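Record features (Swiss-Prot):
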- Glu241: active site (ACT_SITE)
- Cys210-Cys232: disulfide bond (DISULFID)
- Cys349-Cys375: disulfide bond (DISULFID)
- Cys402-Cys424: disulfide bond (DISULFID)
- Cys515-Cys537: disulfide bond (DISULFID)
- Cys578-Cys590: disulfide bond (DISULFID)
- Cys601-Cys614: disulfide bond (DISULFID)
- Cys618-Cys644: disulfide bond (DISULFID)
- Cys671-Cys693: disulfide bond (DISULFID)
- Cys734-Cys745: disulfide bond (DISULFID)
- Cys827-Cys849: disulfide bond (DISULFID)
- Cys887-Cys917: disulfide bond (DISULFID)
- Cys944-Cys966: disulfide bond (DISULFID)
- 148-347: domain 'Peptidase M12A' (DOMAIN)
- 349-461: domain 'CUB 1' (DOMAIN)
- 462-574: domain 'CUB 2' (DOMAIN)
- 774-886: domain 'CUB 4' (DOMAIN)
- 887-1003: domain 'CUB 5' (DOMAIN)
- 1-30: signal peptide (SIGNAL)
Amino acid sequence: MGLGTLSPRMLVWLVASGIVFYGELWVCAGLDYDYTFDGNEEDKTETIDYKDPCKAAVFWGDIALDDEDLNIFQIDRTIDLTQNPFGNLGHTTGGLGDHAMSKKRGALYQLIDRIRRIGFGLEQNNTVKGKVPLQFSGQNEKNRVPRAATSRTERIWPGGVIPYVIGGNFTGSQRAMFKQAMRHWEKHTCVTFIERSDEESYIVFTYRPCGCCSYVGRRGNGPQAISIGKNCDKFGIVVHELGHVIGFWHEHTRPDRDNHVTIIRENIQPGQEYNFLKMEPGEVNSLGERYDFDSIMHYARNTFSRGMFLDTILPSRDDNGIRPAIGQRTRLSKGDIAQARKLYRCPACGETLQESNGNLSSPGFPNGYPSYTHCIWRVSVTPGEKIVLNFTTMDLYKSSLCWYDYIEVRDGYWRKSPLLGRFCGDKLPEVLTSTDSRMWIEFRSSSNWVGKGFAAVYEAICGGEIRKNEGQIQSPNYPDDYRPMKECVWKITVSESYHVGLTFQSFEIERHDNCAYDYLEVRDGTSENSPLIGRFCGYDKPEDIRSTSNTLWMKFVSDGTVNKAGFAANFFKEEDECAKPDRGGCEQRCLNTLGSYQCACEPGYELGPDRRSCEAACGGLLTKLNGTITTPGWPKEYPPNKNCVWQVVAPTQYRISVKFEFFELEGNEVCKYDYVEIWSGLSSESKLHGKFCGAEVPEVITSQFNNMRIEFKSDNTVSKKGFKAHFFSDKDECSKDNGGCQHECVNTMGSYMCQCRNGFVLHDNKHDCKEAECEQKIHSPSGLITSPNWPDKYPSRKECTWEISATPGHRIKLAFSEFEIEQHQECAYDHLEVFDGETEKSPILGRLCGNKIPDPLVATGNKMFVRFVSDASVQRKGFQATHSTECGGRLKAESKPRDLYSHAQFGDNNYPGQVDCEWLLVSERGSRLELSFQTFEVEEEADCGYDYVELFDGLDSTAVGLGRFCGSGPPEEIYSIGDSVLIHFHTDDTINKKGFHIRYKSIRYPDTTHTKK
């Protein structure tokens, strides 16, 4: 039995011909694209109980079945699903690079192979765990025919209309890109995506653990997820996932694929072979479409390859001897478009019009239209705009009620939208205006009468009066750049006794301090004279807006120069539930929010299960000198929707410290969901020490005063183990008379200590400071050096030196923030000297004096020597400089091995993000280079597209490549052919790892092999 049953085009979900196999299935880009999910991040669209493709009763590779599907498709559930190896696959991050999962998938492949053989009747007498084998109706292959009697048309989206919801986790730019992908499908097919209102079945864009995942076709009976996980938010990938939603399978699983491509099985990653199984001819219908190499639903040549340069799918050569390209993720192919139009039975005549203006006409205009013609035009402009349709010619057969030949215009996105008019004859209709941003125009002819036909023009107009309780407003041409010289005015009115709520999904308008050029203006009322709420521009989303009445006035203006992506906003009717007599049913406190409200409790109480009443809670007032604080339910997972506030108070002149023993909260970069906040003071207006989440244990935190506020919040989704923390109070001796210290007093637990400013050392009495010796050796990757006695004038007759060393492979940089040394043309008196090496005999980088801040100085290697000299006469303020490191540079290789590290803080911290470093290793002429990786840990990706180390056998990147590396485990030794090697280290802005350590040397090596065997 084939792994999935369906048609070409990655194979269409063939309900069109009445053939449905397996029901709902999911395709995960953790398998399709090699993208994986972090595991700690969750989509926040949790109020929607959607069908999650990451959870299923049975998994066959990237195919998921639940109990309903097993019944619908007459599959006997004879395997114990609580024990079978399919069960856990849906709860991983995609499985790539996971050795245990690869082994499990290897076993899975064997089981799938057995299922296929059972389906062909080859093991009719075998059983699984003493049960009847897994069977499919029509088990004997020669009896296998399309099951027209069980046609499942509900898997096609009715009318080609797909309602959608975008989860709250996504940024404005991501939302815009999702809409661009949907408009791309709309432009070329008759499929329509609409924002969901009250439709029962719809899709939800989410961020789920299965990476890029989607069901194939319409699931029905409620919402279904389309997961756009980590690294999946690319236009082509979203178009691909929407292809699955519409009804497409992967092209390379067509029954006839062996006539067009060759599967090179020895190059496939172990355990991933099942991704290359094909469907059976009796189980699918290709709808007459040819194999499409260019399909956006086709795997690339190296998908699931053991190496990025090894092919797993090799396309056959065409008539010109050229192998077609496969695996593009740029746009729909002609085959994709043709297949979708067949699947959804799009009329051959008509199109989707998305420009701000355009025209349409009957076929053959003005030379007459054919009989029995059916055309549909869908006009779709930016939400917040209206469509004005003007007929310029009308010459159709006239009949009673326009029964035969007619044009219908509807105010909306499909054939059931409100009718604006039905027209025939030769009388021009009045100008028609839509109430929203979509219009449906349908033309039918059934007579043999010959007339010119019709012609019409349309134009999108922005602004106008909007009288409804909810909707969307976007800048003209959103999500593309808005047009120049536009002025749009919207007057929004909702039901009486309500307010207008306005929230922004994305916002990008030309920036100016006073918003003088392009801007959005919002006023609290019905006109430009109403009170101003705000004039907005720039890239920060405005705060949510709530009018004081049931009206809101908005104006968008663009000038003739810079154009940006614009804005997208939702408006809705809003009421203040807390102003009602029962305060929303809240027992203690009612907090009104835009579009809703929530109950809250006083400190020491928490909301009960009904979310309205209050009960004794976590938190409270703590006056002990020490104690322990834990999250509710410790050591089990903390419950959702908790808000705990601890107020810790100590005696006067004491300070409170908190040390976490264990810490694990739901993680997010901005700690938006579950978090702990620690304040110096008892209110949320005090000094905030930090907001913490994730699994990294915070440092010890000490209050500024004798009280501290600790607040824990959890949302309604993911729960973790929580935290356990100890607090303790200590007397702050420094708070009185500086602890007797001459310079600085530092409080410590149970005691205190004195410190001296730069250039001084602590006296034996541990309180006073005396002038320090002026020789320092510095080994830290960054820090501060100053002239003696800084910030006061430096003393006379002083000589100070600094020997600065950094990590091998990194150059030292010295940058001055202040500089004032006695001026002399040749710096003969007081001066600062900087040397490119470890001693004053090294090449000099500069001899400095005067009042001008010098340019930064960069050494060629990882050592720098700095010397300051003052004479007996004039003294000045001196200098202050920071030393840091820069990666890259030219390094000389010798016969003695040398080291090179990925980053200056190797061993202490992971490498930073957004780095591009190049090292040029050069040996003596006639010698070669040997490179040996001592440590290697770089973010893993199949094509090494995110973080990587790339080597070239020469002076620059045009030389022969020695390899691009990522992942864990050091590569084998590398030998150059020439006397130089260029090393390029690149990192993106997300996952950071330990990095690498290379040991290199110059050798005499006659062999020309690059890699040691």
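Each Cβ is built from the backbone N, Cα and C atoms, and glycine gets one as well.
Model, not experiment: these values are computed from the prediction.
Shown on the structure are the features that Swiss-Prot records.
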{"residue": "Cys349", "record": "disulfide bond", "contacts (Cβ under 8 Å, 6+ apart)": "Pro363, Thr373, His374, Cys375, Ile376, Phe443"}
{"residue": "Cys424", "record": "disulfide bond", "contacts (Cβ under 8 Å, 6+ apart)": "Leu396, Tyr397, Lys398, Ser399, Cys402, Tyr404, Asp405, Tyr406, Ile407"}
{"residue": "Cys515", "record": "disulfide bond", "contacts (Cβ under 8 Å, 6+ apart)": "Ile509, Arg535, Phe536, Cys537, Gly538"}
{"residue": "Cys618", "record": "disulfide bond", "contacts (Cβ under 8 Å, 6+ apart)": "Glu606, Thr631, Pro632, Lys642, Cys644, Phe712"}
{"residue": "Cys734", "record": "disulfide bond", "contacts (Cβ under 8 Å, 6+ apart)": "Cys741, Cys745, Val746, Asn747, Tyr752"}
{"residue": "Cys827", "record": "disulfide bond", "contacts (Cβ under 8 Å, 6+ apart)": "Ile821, Arg847, Leu848, Cys849, Gly850"}
{"residue": "Cys966", "record": "disulfide bond", "contacts (Cβ under 8 Å, 6+ apart)": "Val938, Glu939, Glu940, Glu941, Cys944, Tyr946, Asp947, Tyr948, Val949"}
Q) Which one of these disulfide-bonded residues has the most other Cβ atoms within 10 Å of its own Cβ: Cys537, Cys917? A) Cys537
Q. Using Cα coordinates, what distance in whole Å links Cys693 (disulfide bond) and Cys578 (disulfide bond)?
A. 31
**Q.** Residues satisfying Cβ distance under 8 Å from Cys590 (disulfide bond), sequence separation of at least 6
**A.** Glu577, Cys578, Arg583, Gly584, Tyr597, Gln598, Cys599, Ala600
Q: Take the Cβ of Cys375 (disulfide bond) and count every other Cβ within 10 Å, whichever protein chain it belongs to.
A: 20
**Q.** Local Cβ density at Cys578 (disulfide bond) - other Cβ atoms counted within 10 Å
**A.** 17
Q | Cα-to-Cα gap, Cys671 (disulfide bond) vs Cys887 (disulfide bond), nearest whole Å | A | 32
**Q.** Nearest of the recorded positions (Glu241, Cys601, Cys614) to Cys917 (disulfide bond), judged by Cα-Cα distance
**A.** Glu241
Q.
Using only C-alpha positions, which one of Cys232, Glu241, Cys887 is spatially nearest Cys601 (disulfide bond)? These are the recorded positions in the record.
A. Cys232
Q | Per DSSP, three-state class assigned to Cys402 (disulfide bond) | A | helix
Q) Which whole number is the mean pLDDT over the domain 'Peptidase M12A' (148-347)? A) 86
Q) DSSP helix, strand and coil counts for the domain 'CUB 5' (887-1003)? A) 0 helix, 57 strand, 60 coil
